[in-house]
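Enquirer: TrEMBL lists these features:
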- 1-21: region 'Disordered' (REGION)
- 48-65: transmembrane segment (TRANSMEM)
- 77-100: transmembrane segment (TRANSMEM)
- 158-177: transmembrane segment (TRANSMEM)
- 189-207: transmembrane segment (TRANSMEM)
- 227-246: transmembrane segment (TRANSMEM)
- 267-289: transmembrane segment (TRANSMEM)
- 327-348: transmembrane segment (TRANSMEM)
- 368-386: transmembrane segment (TRANSMEM)
- 398-419: transmembrane segment (TRANSMEM)
- 431-451: transmembrane segment (TRANSMEM)
- 463-484: transmembrane segment (TRANSMEM)
Amino acid sequence: MPPQDRHQPLLAEEQEETAYDSSEKVVVVGIDEQDGDVEAPPFSWRKLWLFTGPGFLMSIAFLDPGNLEGDLQSGAIAGYSLLWLLMWATAMGLIIQLLSARLGVATGRHLAELCREEYPAWARIVLWLMTEIALIGSDIQEVIGSAIAIRILSNGVVPLWAGVIVTALDCFIFLFLENYGVRKLEAFFAVLIAVMALSFAWMFGEAKPNGVDVLVGILVPKLSSRTIQQAVGVVGCIIMPHNVYLHSALVQSRQVDPRKKGRVQEALNYYSIESTIALAVSFMINIFVTTVFAKGFYGTDIANNIGLVNAGQYLQEKYGGGLFPILYIWGIGLLAAGQSSTITGTYAGQFIMGGFLNLRLKKWVRALITRSFAIIPTMIVALIFDTTEESLDVLNEWLNVLQSVQIPFALIPLLCLVSKEQIMGSFRIGPVLKIISWLVAALVIVINGYLLLEFFSSEVNGAVFGTIVCVLTAAYVAFILYLISRAITYTPWQSLTRSKTVATTDN
């Protein structure tokens, strides 16, 4: 059954929230072109260029301040030994993101919209709340990262709370650029990614890591009990729950007719190429950061003390001034990472809120609501934790745990939906890809489960707190089992509701 057929009984298109209005979409294929109804047209570099953009916006989640902190800690504590894991974690992230793009292109709807349709009200409300919590936690890290960068670049003149206010204003940049079209917004993010690449490549050139050691670290798997915590962190920070929702919406910025199988396949082919290139770029940037800190701090007494707050100062002490002080190079790269990720977080928040709640609000209203959800708690955090570096590191650990908790609430619905012919039609994933995808999801969930177990075993003290954690854990596991059972015994909730309505009417 073609994916679009089953949506006909739903509300009219103009009554439903959509990721992009038809006037906002980039036209890739002219309306006079008749080929491609059955088979994908031949490869075209021009079309690849027109499809390029969503994958690079998606890749920014692999480069946010939380990932950069994971990179620098991995390099300082484990040296080059976990580079192979970074590569395979990026590959696993690519598989998940390609499935997200596949869902968006084949159905013409994004993950949040489909969750609203396919789950009963109580379950989709829980999914929405969990996704919003994950987004807020991620945004706090990103905003704090930007604020740290602003403090570095201002020589400490701008305090953390003021940097949060400055970063909060970036949603207006986002709204301003969006008024000029999707391609202008994508070009802005391309510039930010280029700034990150140049900054961290400059640092790589200043540090001069050994090329052979880097290559061995990438190609030769190596893991020890001493580096297991960093290994878990490398994998855990790659998959971002909100990013899975985001990518399924971003791919709808191109005009693709889901009724034409060839056009859908063409879009999937180009998005696969573009996403692979984007994540290859993000992998190289992560390599730059990891190897700089591996070269400078691996095996030193301060390796375990380096975090996002003091990393720039340690770099300055280690590598000195140079042509341009490395402290400011680090600050520029960190600022680009923080600003780009906070804007994409705002973007993701709009899709998530609109999709789950079917809200058709003006973009500036929705952006303001989404931004407020993150900025208000971030401001509170900045005022409370601006006293010591240790307190910010503890906060970051809790936020990483918060992200880990939410991962199943993005992966399981995604894998459930892309596996079903009722949803995807002929573009549902086959048995081999399904097995690989579930194995990847299971691995990521187990690894993050290990992180949670380690964290709570050391942090949970007292009978009352322990009881609360046990109750919440039981509810958490029960909901995950429910989502998995829905994947095994699938019945579309809206279809079931409509069937009951029709049966009642007939009687």
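Just so it is clear, glycine is given a Cβ too, placed from its N, Cα and C backbone atoms.
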Enquirer: Which one of these stretches, 48-65, 189-207, 227-246, 327-348, 431-451, has the most C-beta pairs shorter than 8 Å to the transmembrane segment (77-100)?
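Expert: Most Cβ pairs under 8 Å with the transmembrane segment (77-100) come from 227-246.
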Enquirer: Look at every Cβ pair spanning the transmembrane segment (327-348) and the transmembrane segment (48-65), keep those 6 or more apart in sequence, and say whether at least 3 of them are under 8 Å.
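Expert: The transmembrane segment (48-65) and the transmembrane segment (327-348): touching, yes.
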Enquirer: Between the stretches 48-65, 189-207, 227-246, which wins on the count of C-beta pairs under 8 angstroms to the transmembrane segment (431-451)?
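Expert: Counting Cβ pairs under 8 Å, the winner is 227-246.
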Enquirer: Excluding the flanking five residues on each side, which residues at least 6 beyond the ends of the transmembrane segment (48-65) place their CB within less than 8 Å of a CB in that stretch?
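Expert: Residues 26, 28, 90, 93, 97, 101, 138, 141-142, 144-146, 148, 182-183, 186, 189-190, 192-193, 196, 238, 240, 242-243, 246-247, 250-251, 253-254, 267, 270-271, 273-279, 281-283, 285-286, 308, 334, 337-338, 340-341, 344, 347.
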